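Undergrad: For reference, the structure I am asking about is given below.
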Amino acid sequence: MTIAVCPGSFDPVTMGHKDIIVRAARMYERVIVAVAESPSRKAPLFSLEKRLKFLNSSLLGLDNVGVAGFDGLLVEFAKAKKASVIIKGLRAMTDFEYEFQMAQINHKLYPEIETVFLVARPRYSFLSSSTVKEVAVYGGCLDDLVPEEILIKASILFLASSFSLRSAQRRQ
Ligand code: ADP
């Protein structure tokens with residue numbers, strides 16, 4: 001059985017992430033969505049627990065997909081889960097440079113692992129968790145940006161956190 005991991009911060013999960021996970025689930029017998037507890041590049045807005053909840057609600061019905069948090073090296077998590085493939089979504093050249101480096105380093109650390117890139121569908125190629133947060137902070141509509149299963153919960157949580165985000169932005 002080939003097991004693939006789909007890693008990311010998922011802060012929060014977007015329609016772009018979901019599309020990649022659904023496509024990976026068609027390609028591999030088992031897919032584990034690996035949620036970085038404390039991503040190195042950015043401090044998450046939502047707690048790991050909330051990010052896991054959002055993903056679990058969004059992926060209901062995908063029987064070969066599981067969701068788990070991890071801290072530390074992705075390759076160690078992959079090894080522990082007996083995964084041999086890392087799935088990454090590619091939106092633009094900016095994604096490519098970073099993802100290219102990560103694929104090389106992960107291969108160096110764990111030569112048995114392969115990184116597979118799935119090209120973002122054009123309708124999601126502009127979409128990131130950061131753009132979702134930007135829209136939400138200013139009260140914009142999140143339809144078609146986040147999975148509809150989490151739309152209401154995410155909007156309420158965003159409203160609550162937008163006040164603190166906005167005051168933090170004003171302070172900068
Ligand atoms: P973000 O860049 O949205 O903060 P993550 O760090 O959680 O996302 O990214 C997890 C993975 O999902 C990465 O491989 C990233 O390239 C991919 N991804 C994120 N958004 C999209 C999208 N809109 N379409 C395709 N892949 C995406």
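Cβ from N, Cα, C; glycine included.
Curation plays no part in TrEMBL annotations; they are all automatic predictions.
Quick paste of what TrEMBL says about this protein:
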- 5-134: domain 'Cytidyltransferase-like' (DOMAIN)
- Ser9, Leu74, Lys88: substrate binding site (BINDING)
- Ser9, Phe10, His17, Gly89, Leu90, Arg91, Glu99, Tyr124, Ser125, Phe126, Leu127, Ser128, Ser129, Ser130: ATP binding site (BINDING)
- His17: site 'Transition state stabilizer' (SITE)
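Thinking about packing and proximity, how do these listed features fit into the structure?
TA: Other Cβ atoms within 10 Å of the Cβ of Leu74 (substrate binding site) number 20 in total over all chains.
Around Glu99 (ATP binding site), the C-beta neighbours below 8 angstroms that are at least 6 residues distant in the chain are Lys88, Leu90, Thr115, Phe117.
Around His17 (ATP binding site), the same-chain residues at least 6 positions away in sequence with a Cβ under 8 Å from its Cβ are Cys6, Gly8, Phe10, Gly89.
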Undergrad: Determine which residues of this chain, when Ser9, Leu74, Lys88 are set aside, have a Cβ within 8 Å of the centroid of the substrate site's Cβ atoms, and list them as they appear in the sequence.
TA: Cys6, Pro7, Gly8, Ala34, Ala36, Ile86, Met102
Undergrad: Return the residues near Ser129 (ATP binding site) by Cβ distance under 8 Å, restricted to its own chain and a separation of at least 6 in sequence.
TA: Ser9, Phe10, Asp11, Pro12, Val13, Thr14
Undergrad: Quick one: of Ser9, Ser125, which of the binding-site residues has the smallest count of other CB atoms within 10 A?
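TA: Taking Ser9, Ser125 as the binding-site residues, the minimal 10 Å Cβ count falls on Ser125.
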Undergrad: Around Leu90 (ATP binding site), how many other C-beta atoms are within 10 angstroms of its C-beta?
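TA: If we count other Cβ atoms within 10 Å of Leu90 (ATP binding site), we arrive at 16.
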